[in-house]
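What follows is a short report on a single structure.
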Amino acid sequence: ADLDNGEKVFSANCAACHAGGNNAIMPDKTLKKDVLEANSMNTIDAITYQVQNGKNAMPAFGGRLVDEDIEDAANYVLSQSEKGW
């Protein structure tokens, strides 16, 4: 995974709602490690699936972003969650 690319993809596409690992729309659904674990969103596959398909207020990015960029962003999110954002 390319974490530098993941950070760029995240900044351009995700940070509007998820800056600093937070969630501007649904404040309890953050990208913090404990919340990701509690919602079974602490794997690359889980994050990639949700980014591609969307859920509730989150739009689908499949078709807007290539799979490699989504995977890099997912790796970046997990990396940042391990560091506590």
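Positions of Cβ are set from backbone N, Cα and C atoms, glycine also.
Listed features, source Swiss-Prot:
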type    : residues                   : note
BINDING : Cys14, Cys17, His18, Met58 : heme c binding site
Relative to the mean position of the Cβ atoms of Cys14, Cys17, His18, Met58, the recorded heme c site, which additional same-chain residues have Cβ within 8 Å?
Asn13, Ala15, Ala16, Asn23, Ala24, Ile25
Give me the count of other Cβ atoms within 10 A of the Cβ belonging to Cys14 (heme c binding site).
19
Count the other Cβ atoms sitting within 10 Å of the Cβ of Cys17 (heme c binding site), across every protein chain shown.
16
Report, as a single number, how many Cβ atoms besides its own are within 10 Å of the Cβ of Met58 (heme c binding site).
17
What is the Cβ neighbour count of His18 (heme c binding site) at a 10 Å cut-off, with all protein chains included?
20
Largest pairwise Cα distance, Å, within the listed heme c binders Cys14, Cys17, His18, Met58?
11
